[in-house]
Amino acid sequence: MNNRSFSKHYYLMLLPGMVWLILISIVPMFGIVIAFQDFNPGAGFFRSAWIGLENFDYMFALSDIRSIFFNTVFIAVMKMAAHLVVPLVFALMLNELRLALIKRWIQTIVYLPHFLSWVILAGILLDIFSFSGPVNGLLKALGFEPVLFFANSTLFPFMVVASDVWKEFGFNTIIYLAALTGISPVLYEAAAIDGASRFRRLWHVTLPGITTTIVLLAVLSLGNVLNAGFDQIFNLYNPLVYSTGDIIDTWVYREGLLNLQYGLATAVGLLKSVVSFILIIISYALASRFANYRIF
Amino acid sequence: MVKESTIGSKIFDGLLLAILLLITALCLVPLIYTLAVSLSEKSAAAAGRVWLWPVGFNFNSYKQIMGDGAFFRSFLTSVQRVVLGGIISTGIGTLMAYPLSKSPRQFRLRNVFMWFLIFAMLFNGGLIPWYMTMKSLGLMDNIWALVLGGGLPVFHVILIINYFRNLPKEMEEAALVDGAGPWRMLWSVFVPLAVPVLATVLLFTIVYHWNEFFHGLVLMSRQDHYPLQTYIQQLVVIIDAANMTEDQYKRMNELSNQTLNSAKIFIAMIPVLVVYPFLQRFFIHGITLGSVKE
């Protein structure tokens, strides 16, 4: 093969994508110098004053910071656990259903919320759970006091996790269902001949058959420890729940782009990026070592 | 699958079906509720009397939207963004995936580029540096800010690469013997064979561009440049008032025009509902292809 002459064309094919990648993704990586500057947009990266680690010192002294890191990890870890377990249970239930047509319909419907934006879903949820909305109407009819679900700082993190599970559980079953179809029917037949009941077959054939998948998904979700879901929280929260609902990403947005604390916001964002990057590398290393996972 | 017909097993099947149908209904109810509110009388909606069926059925909200210039401008901005974004992302992604699907023997720097892409996907500079970069590139208050602001979708490129690599090698060898160059090879051999993954990527891109609201919010300084999701976000979001009280929060809910907002939200959902059947045909394959390989 005449590889030499092909290479030239290969570079040409890579060019537009590389330009796009460099301008939008790589250039901002150099912009993290803002974290070490008293940044002034008029002066730009090159002429703003260097202040070393002052932004970081200030950051660690802020009382906000501890609570936004705590809120982020708290919500994110609850989501990780819920996103692992709920879709698994749902997939196992769906797998036991013998009516193929209904099964397909159920799948079609539960995947749908994944494709709707948080703007739209937040608009709907805030309405349904509002003070005069249907959920509170039901509570009142049953003789309970109405609850401000999304304006109550104790409830807010749980509402966030529950609504995220509602949106994503269907979509997250896809990988489990794919793994379930990979289990050989011969194993079920053999177990049945040996007298295993449905539950024993579930326990001794189905679950061991998808253990690798469960472990892999658990490991890969590690990288999300600092991702509590900006789009969702940004559209659902309000000042009443900042104490428990404000996360790193929403704080960086408000502090950086609304209050114009560029240096401080960049420093917090940088800390998040670095920690997330390390976590993802660890999770990929674990996944490739124990489950033979490759991204490419 | 093993068939079983004991009574216990039948009861279990019935119970299972009931639970599954209940959960499935839970996914649809909020959407039906929104449609019902949008077709109801204002007072009935405000009093919380609407459930899953319109009360005082009318099309007033939809008629009102017909005359709403701001809504239509945002709708058109979103359509423009989806069309440009879909073509550009998928086109550039496919072009990039071809050389990267070669082995290092065929394309020496393949792995170097590959790691560069992976690094760019996993690490990011954060919001503020990205914003400053967009500003200095002049990607503000124009459609290109929305089309290009998300950056190269590396994950989609990887999906296409993996698909290309799993195509039968004989096709490529035959075309090579017939004298096809790299461009010809990509266009006449790889692209036609990779339609399922390209369709998946295209549909994902369309949904992404339709749903994205944040870039519209921070990169557009004028409301009449907002894409539809940003426009709707401005309607439903709780205004950031310092020292807000619970009463103020309740008031904001009461003051919002529920029926009109629901109609706008419902219209914003329609494009996703329209592409969804096509999307569903492809994405399961696309997803499992990119994630779990055993």
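Just so you know, glycine gets a Cβ as well, placed from its N, Cα and C.
All annotation found in TrEMBL is predicted automatically rather than curated by experts.
The transmembrane segment annotation in TrEMBL covers A:12-36 (among others).
Using a Cβ-Cβ cut-off under 8 Å and counting only residues 6 or more beyond its ends in the same chain, the transmembrane segment (A:68-93) has close neighbours at 110, 157-158, 160-161, 164-165, 168-170, 172-173, 176-177, 180, 202, 206, 214, 217-218, 221-222, 224-229, 233, 244-249, 251. Under the heading transmembrane segment, TrEMBL lists A:68-93 (among others).
As annotated by TrEMBL, domain 'ABC transmembrane type-1' applies to A:69-283.
Residues annotated as transmembrane segment in TrEMBL: A:105-129 (among others).
According to TrEMBL, the transmembrane segment annotation covers A:141-162 (among others). Long-range neighbours of the transmembrane segment (A:141-162) within the same chain, counting only residues 6 or more positions beyond its ends whose Cβ lies under 8 Å from a Cβ of the stretch, are 71, 74-75, 78-79, 82, 125-126, 129, 131, 135, 228-229, 232-233, 236-238, 240-241, 243-245.
The transmembrane segment annotation in TrEMBL covers A:174-193 (among others). Only residues 6 or more beyond the boundaries of the transmembrane segment (A:174-193), in the same chain, are considered here, and those with a CB under 8 A from a CB of the stretch are 87-88, 91-92, 94-95, 107, 111, 200-201, 204-206, 209-210, 212-213, 217.
The transmembrane segment annotation in TrEMBL covers A:205-226 (among others).
Feature annotation from TrEMBL assigns transmembrane segment to A:262-287 (among others).
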